[in-house]
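Marked as NADPH binding site by TrEMBL: ASN60. Taken from TrEMBL, the feature NADP(+) binding site applies to ALA73, VAL74, LYS75, PRO76. Summarising the annotation, TrEMBL assigns domain 'Pyrroline-5-carboxylate reductase catalytic N-terminal' to 9-104. Under the heading domain 'Pyrroline-5-carboxylate reductase dimerisation', TrEMBL lists 169-272.
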Amino acid sequence: MFRDTDLSIAFIGGGHITQAMVCGLLAAGCSAKKILVCTPSTQGQKQFIEEHQVLATGDNSLATRFADVVIIAVKPEKVPLICTEIAEAMLETQQQKLVISLAEGVAHARLREMLCGSNRIICAVPNLAVTLRRGMTGLYADPDCLFKDTRTAESLMASLGETLWVQEEMQLADVEATSGSSSAYLYYVLEQMQQIAIEQGLSEKEARNSVLQAAWGAISVAQNSQQSFAELRQSAVQSKSTSKDAIQALKDADLPATLRTAMKTVKQETQEKLQTESI
């Protein structure tokens with residue numbers, strides 16, 4: 001559950017990740033009146049107010065003044081302007097706010113520069129499962145970041161799932177490849193399994209339910225087991241003789257190499273963005 005009940009949180013940006021985090025925070029017990037979403041779209045503002053009863057505005061300066069924690073959840077190209085407005089609001093009020101950036105590939109050093117040298121900055125890499133409080137979030141803070149700020153960020157993100165703090169900022173690329181983008185890989189696998197099941201004779205609904213239940217069951221078993229994934233796979237193969245040939249077919253198709261390429265691509269792209277943004 002969300003413990004910092006007095007904390008006011010402003011989201012700059014009203015996209016999918018904001019939607020997911022708002023849902024998760026409300027489910028974790030955060031008061032709707034402590035959450036403000038800032039988006040330039042009046043329709044977007046109306047949607048957040050009507051669907052979640054949170055506050056909404058189109059004024060980034062107002063959002064910064066409102067909040068104890070400002071969460072930047074916009075595309076990287078919008079970050080410089082957003083940071084300028086946040087910095088101006090903090091200067092006017094003489095209050096440094098904790099800023100958590102979800103902006104993909106925007107380096108901590110660059111954020112610090114744009115926020116006038118503030119040491120109250122944390123970079124985070126969540127995934128969309130935060131909407132159900134089953135998310136995985138990678139976190140990075142400079143060594144001189146205040147302990148109370150890392151504790152606040154931990155409390156906030158831990159209320160939405162699991163957290164992983166990394167020692168080096170470049171390790172966020174590993175988190176992005178492993179959990180940040182992995183829901184897309186998994187959905188793609190489920191999509192293909194469903195399609196093949198339909199081709200083999202199941203209805204769309206039957207195929208979807210069968211694939212979902214199989215995936216959910218496997219994950220549930222893994223979460224409640226001390227065995228490694230390899231050991232669980234061996235157990236599954238031993239319980240179903242047909243699974244052995246299926247696994248061999250996947251090996252023959254070099255599935256590990258395909259997955260390695262996919263994850264390596266995400267890691268390299270994220271690292272390149274971080275390196276570019278830190279220059």
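In case you wondered, yes, glycine gets a Cβ from its N, Cα and C as well.
Note on PRO76 (NADP(+) binding site): other Cβ atoms within 10 Å of its Cβ, all shown chains, come to 15. In the predicted model, residues of the domain 'Pyrroline-5-carboxylate reductase catalytic N-terminal' (9-104) average a pLDDT of 95.
Geometry remark: ALA73 (NADP(+) binding site) versus the residue listed as 'NADPH binding site', CA distance 12 Å.
Taking the mean position of the Cβ atoms of ALA73, VAL74, LYS75, PRO76 as the NADP(+) site, the remaining same-chain residues with a Cβ inside 8 Å of that point are GLY13, GLY15, ILE72, GLU77, LYS78, VAL79, ILE82, LEU102, ALA103, GLU104. Across the domain 'Pyrroline-5-carboxylate reductase dimerisation' (169-272), DSSP classifies residues as 91 helix, 0 strand, 13 coil. Looking at ASN60 (NADPH binding site) and LYS75 (NADP(+) binding site), their Cα atoms lie 15 Å from each other. Around the Cβ of VAL74 (NADP(+) binding site), the same chain contributes ILE12, GLY13, GLY15, ILE82, ALA103, each under 8 angstroms and 6 or more positions distant in sequence. In the three-state DSSP classification, ASN60 (NADPH binding site) falls within a helix. For LYS75 (NADP(+) binding site), the same-chain residues lying six or more positions away in sequence with a CB closer than 8 A to its CB are ALA103, GLU104. Every protein chain shown contributes to the tally, and the Cβ of ALA73 (NADP(+) binding site) ends up with 25 other Cβ atoms within 10 Å.
A helical conformation is recorded for PRO76 (NADP(+) binding site) in the three-state DSSP classification.
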